[in-house]
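Below: the structure, in structure tokens.
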Amino acid sequence: MEDGGSGLRAPRYPAEDTSPTTDRELRGFFCYGLAAEVFAVCAVGSFLPVTLEQLAREQGVLFTDKITPCTAKNATAIANATVNALMSRAEGPDTHQCIVNVFGTELTTASFAMYTFSASVFMQALALVSVSSVADHGTWRKKLLAGFGFTGSVSAMLFLLVVPQIFVVGSLLTVICVVCLGCSFVILNSYLPLLVLNHPVVQSDEDHSIGSSSVPLRPISPGQSNRKPRDTLHQGADKEVNVGSKADSSDLQLSTQISSKGVGIGYMAAVSVQVVCILILYFMNKMGVSSTLPLRTVLFFVGSWWLTFTIPSVMWLRDRPGPPLPTALYEGRAFVRTCMSYTIFAWKSLWKTVKVAVKLRQVLIFLVAWFLLSDAVATISATAILFARTELQMGTVAVAVLSIVATSSGIVGATVWPIISKRFSLRTNHIIVCCLLLLELVPLYGLLGFIPFVQAWGVGGLQKWYEIYPLGIIHGMVMGGLSSYCRSFYGLLIPPGSEAAFYALFAITDKGSSAVGPAIVGKIVDATGQIRPAFGFLAVLIALPIPLIWMVDVEKGQEDAIRMAGLMKTTDDGHEDFDSIEGSSDGHEAEGLMRDHD
């Protein structure tokens, strides 16, 4: 595969790289997933929030008297802290808190970590908007991936220098790390459709299908001719588009295969690194070093991993440039003004992308489902960890083991779901629905704890700590499927040539929903004083996207995406003009994309 094939498809715009996808390029794609997924699982999902809370705790005082340090240094302070803790426990739940002063405002150490991640998600959403559309143009895709990878990994390594006295710096580094992580994943995802489109397997299938069982697209409105095929959208006369089931199946299967393999590699590396991190914590704690130094060392190690594997991924991936940016944006301008122009261009592009997405019925249905689905996944993860730490009284090591169990199951899930799909001839959206139905077992099992005779047993319904581990296996299996199938499924529904912009919309939808579910769960916990009632909300939240995912038709979505790409006229420099959709008679055709297919 290194040498590619002899026949190259025609470029869709000037300077497009239509060279066949090589094994080297695929290794680069997998390598960055290997680098960044480790940080996402080990740092963001495990040790980073604990580190932030512990750094703040060492500078905090008990809420009960606002005098006693949270980390007592001598016997008297330890005795006072113990008495205060016992008294506060007797007064009622959740009154024994550790508070810290942040710029004149008193915050609990736990909420300090929560607010940090909330700010990170908000800043990440802004950054995604500002850079993703730019990644679709010129040679910025690979440059941005490298920039975010190096910046994020170095920021993680700098945690080694953050001592409790400057714990606020840890909050700043967290924001930088999370922003870089999210943006780099969006850019990496934008490579997936291009790798599939230029893969020799897909090109070979298209060559064999020409002149045989090609299925022409029906006109969007009467009197309109069919649009051009996906790989020749802006050249020559209108032609029939080959969207036969065989070609579509080839695209989708290859996309899912690449995505699943990437997720599996990332999860496998995450499990291995997490085991090493636990060993680092164990041995450093045995040495009696500072309580935050082991955690900071772990973050340094994870950041080093991210940096190390980013280097070969940048070397192996091609630029795969998109259409050039409009000349007026950058010629003869200073650096700052150029950056402002790029940012304004990106926000305008997002708004145009949203308007295009609204006109694509299948994309719109999927994004609504994805909003609910991603919110459910994020909320159930946070709720389960909180439930384990509070109501099941599980320690840090036990929770870390739970994380390893779930991640290991994710590896199995990423491998098994494609086998199940092939064995039973299931469509991609059917696999996603199966994953959601399996995930539904988690909150339903938690709700069993409300049934009187189950309570009388003393086991079942998440009354014992060991019951959460089988649920962790289920959660991991589901995540292994959803992580690969959702992004590959979405990639086939978007207009070609706008990959980064639409994957940014995909990520923004994900991040935008992540604050909704946890906030509602927080309100439920505040009102009831328990976490278990939140399982009822989670059961409903998981069920809502199931019918929407079932409704999505990938074949019709591909047809709509190709038509929409054809409606987006190309300027002389290869830049796609979104405004042409509304500024011409083709706007009526775009509206037709929202109609049901007969």
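These residue numbers are counts, starting from 1, taken along the chain as shown.
From the backbone N, Cα and C atoms, a Cβ is placed for every residue, glycine too.
Values in this document were obtained by computation on a predicted structure and should not be read as measured data.
Quick look at what Swiss-Prot lists:
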type	residues	note
COMPBIAS	228-237	compositional bias 'Basic and acidic residues'
COMPBIAS	585-598	compositional bias 'Basic and acidic residues'
CARBOHYD	ASN74	N-linked glycosylation site
CARBOHYD	ASN80	N-linked glycosylation site
REGION	1-20	region 'Disordered'
REGION	209-237	region 'Disordered'
REGION	573-598	region 'Disordered'
TRANSMEM	28-48	transmembrane segment
TRANSMEM	111-131	transmembrane segment
TRANSMEM	159-179	transmembrane segment
TRANSMEM	182-202	transmembrane segment
TRANSMEM	263-283	transmembrane segment
TRANSMEM	297-317	transmembrane segment
TRANSMEM	363-383	transmembrane segment
TRANSMEM	400-420	transmembrane segment
TRANSMEM	431-451	transmembrane segment
TRANSMEM	465-485	transmembrane segment
TRANSMEM	489-509	transmembrane segment
TRANSMEM	534-554	transmembrane segment
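Here the transmembrane segment (363-383) has long-range neighbours at 45, 357, 432, 436, 439, 442-443, 475, 479, 482, 486, 489-490, 493-494, 502, 505-506, 509-510, 512-514, 516-518, 520-521, 531, 534-535, 538, 541-542, 544-545, 548-549, 551-552, 557, 560-561, 594, meaning same-chain residues at least 6 beyond its ends whose C-beta is under 8 angstroms from one of its own. In this chain, the transmembrane segment (400-420) touches the transmembrane segment (28-48); three or more CB pairs sit within less than 8 A of each other, excluding pairs fewer than 6 residues apart. By number of Cβ pairs under 8 Å, the transmembrane segment (297-317) is matched best by 263-283 from the list 263-283, 431-451, 465-485. If you look at the transmembrane segment (263-283), the same-chain residues 6 or more away from its ends with a CB under 8 A from one of its CBs are 30, 33-34, 36-38, 40-42, 46-47, 294-295, 297-298, 301-302, 305, 397, 400, 403-404, 407-408, 410-411, 414-415, 480, 483-484. Beyond the transmembrane segment (431-451), the same-chain residues lying 6 or more positions past its ends with a Cβ under 8 Å from any Cβ of the stretch are 373, 376-377, 380, 384, 387, 417, 420-421, 460-463, 467, 471, 474-475, 477-478, 481-482, 485-486, 489, 532, 535-536, 538-539, 542-543, 545-546, 549-550.
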